[in-house]
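Presented below is the structure to which this report refers.
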Amino acid sequence: MSEIPATDATAPAEKKDFIRQIVREDLASGKHTAIRTRFPPEPNGYLHIGHAKAICLDFGLAAEFGGLCNLRLDDTNPAKEDPEFVVAIQDDVRWLGFEWAQLRHASDYFEVYYLAAEKLIRDGHAFVCDLSAEQVRQYRGTLTEPGRNSPFRERSVDENLDLFRRMRAGEFPDGARTLRAKIDMASGNINLRDPALYRIKHVEHQNTGNAWPIYPMYDFAHSLGDAVEGITHSLCTLEFEDHRPLYDWCVDKVDLSGHPELLAPLLGKGYPKEAAKPRQIEFSRLNINYTVMSKRKLTALVEEQLVDGWDDPRMYTLQGLRRRGYTPAAMRLFVDRVGISKQNSVIDFSVLEGCLREDLDAAAARRMAVIDPLKLVLTNLPEGHTETLQFSNHPKDESFGTREVPFARELWIEREDFAEVPPKGWKRLVPGGEIRLRGAGIARVDEVIKDAAGEIVELRGWLDPESRPGMIGSNRKVKGTIHWVSAVHAVEAEIRLYDRLFSVEKPDDESEGKTYRDYLNPESKRSVRGYVEPSAAQAAPEQAFQFERTGYFVADRRDHSAATPAFNRSVTLRDTWAK
């Protein structure tokens, strides 16, 4: 992919968070003439809403300051990675409205990492250790007690080089040896207590096959990957703050910009020599109530079939949110509203829902749909009567145009819009009462038909002929207006009424001996058969509508077709969870 400036799908007002202030100062001082960022996900799962914040920051920052942003897939743990996730990650980034300057993989740099590791050995900064994982834990010490040096720490440079090369040759089994940095076992930062840089894993890699029986550890590969790509500002969440000294140690001790010979393997791949010293900057991660974002827990939800897959519209993966009907514009607006800071906080889920309502209120055409149908027969109209009415597609935006809506003697209305014994303040249909049928006229109910069990199955009534659209009587005041669809023309559809997956604000809270599984909301998905006007059934997959008086819905991207319409409720018209 050619190296073009990262582009944002919107042009937001200038933001003044602390990261942007750092970038402005770096550019103003001449420390950097241009900036480069990267988004470096591991392809071992689907991206979730927390990643949206990082994506918008990494790509948005580059776009805002005329820089570049790479997409780098951190594929250093092949046992857990899958090409399926690689495709999904790229799809998610593009869906959010961003394009990368270059698509890179950590595996592109495996030869560079290896040469860098040999340099550390030659410089006396790394050694091959034979301790087992359990022994390493015992030697590491605790937060209050210093660690102990490995008995293999003082091996000679020649012995370390020999052992490391034999590790690469595949001579030793998994876990037999590691390459460790030689830093300080007494450091107050446990990450600096001679951390592992390489481990032995005889696992086939999706890109390199069986060429490598050893793989770099995250901190080593991540820091050098940034340096290799000339990243100026390496942005990550606060849990990596304690890793920053190790990040800097790796960058400084390897010194790629001062040792261009280490970059020689890249020249054959056509990669430019652009090594630089990156700066790691941490920001608070995105925490939202009523959610879990642990990859382990999300995986369990899928594997235990508590949800219908990674793109279940109740999931907090970007694939799930997209299928639910969340839009890229709403996601970007949400990230802007949340902001960037170093203070951890929990964002109310209603903020996310509010951003979607705001976007769809402006962007979604209106349609009529009935999700719990009750038949209303207008007996003063002739048998078989039908006609075509003109409706505006959007009450606030004439550019959406108009559409034809069929009207007939027999209609479907919402069951909840009729009350035989109305509560106080009721403004909808009652026996003998009048209501305005949206865009069609004023109707009255004269007769209630029930089945043998006493259930209401049909209403019979009258349509005031003087109240039709354009007539003087259409201005006559009545208490309320309801929507409807023609029973003759309406298309039956599956209507999926989604809600929050968890019923409590903190599903991760296990203080009462419960787990997140115990807090699953039994009302998070309800599927009903309803009716939609014909133009709604003709929607393209992922087309969003406001179903009038009902909520915002999207044509399911997997299951919807004109013959078998399927709509997912994206969000209700109002916050039904407000306290």
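Cβ atoms are placed via backbone N, Cα and C, with glycine included.
Quantities reported herein were computed from a predicted structural model and do not represent experimental measurements.
What Swiss-Prot records for this protein:
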MOTIF     41-51  motif ''HIGH' region'
BINDING   42-44, 48-54, Thr237, 285-286, 293-295  ATP binding site
BINDING   Asp74, Tyr218  L-glutamine binding site
MOTIF     292-296  motif ''KMSKS' region'
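Mapped onto this structure are the features recorded in Swiss-Prot.
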residue : record                   : Cβ within 10 Å
Glu42   : ATP binding site         : 18
Asn44   : ATP binding site         : 16
Ile49   : ATP binding site         : 21
His51   : ATP binding site         : 21
Lys53   : ATP binding site         : 20
Asp74   : L-glutamine binding site : 20
Tyr218  : L-glutamine binding site : 17
Thr237  : ATP binding site         : 15
Leu286  : ATP binding site         : 23
Ser294  : ATP binding site         : 12
Helix, strand and coil residue totals from DSSP for the motif ''HIGH' region' (41-51) stand at 3 helix, 1 strand, 7 coil
Rounded to a whole number of Å, the separation of the Cα atoms of Asp74 (L-glutamine binding site) and Glu42 (ATP binding site) comes to 5
Once DSSP output is merged into helix, strand and coil, Lys53 (ATP binding site) belongs to helix
Secondary structure of the motif ''KMSKS' region' (292-296) by DSSP, residue by residue, totals 2 helix, 0 strand, 3 coil
Rounded Cα distance in angstrom between Glu42 (ATP binding site) and Tyr218 (L-glutamine binding site) is 10
Cα-Cα, Thr237 (ATP binding site) versus Tyr218 (L-glutamine binding site), nearest Å, comes out at 15
Expressed in Å to no decimal places, the gap between the Cα atoms of Asn44 (ATP binding site) and Tyr218 (L-glutamine binding site) is 14
Rounded Cα distance in angstrom between Tyr218 (L-glutamine binding site) and Lys53 (ATP binding site) is 21
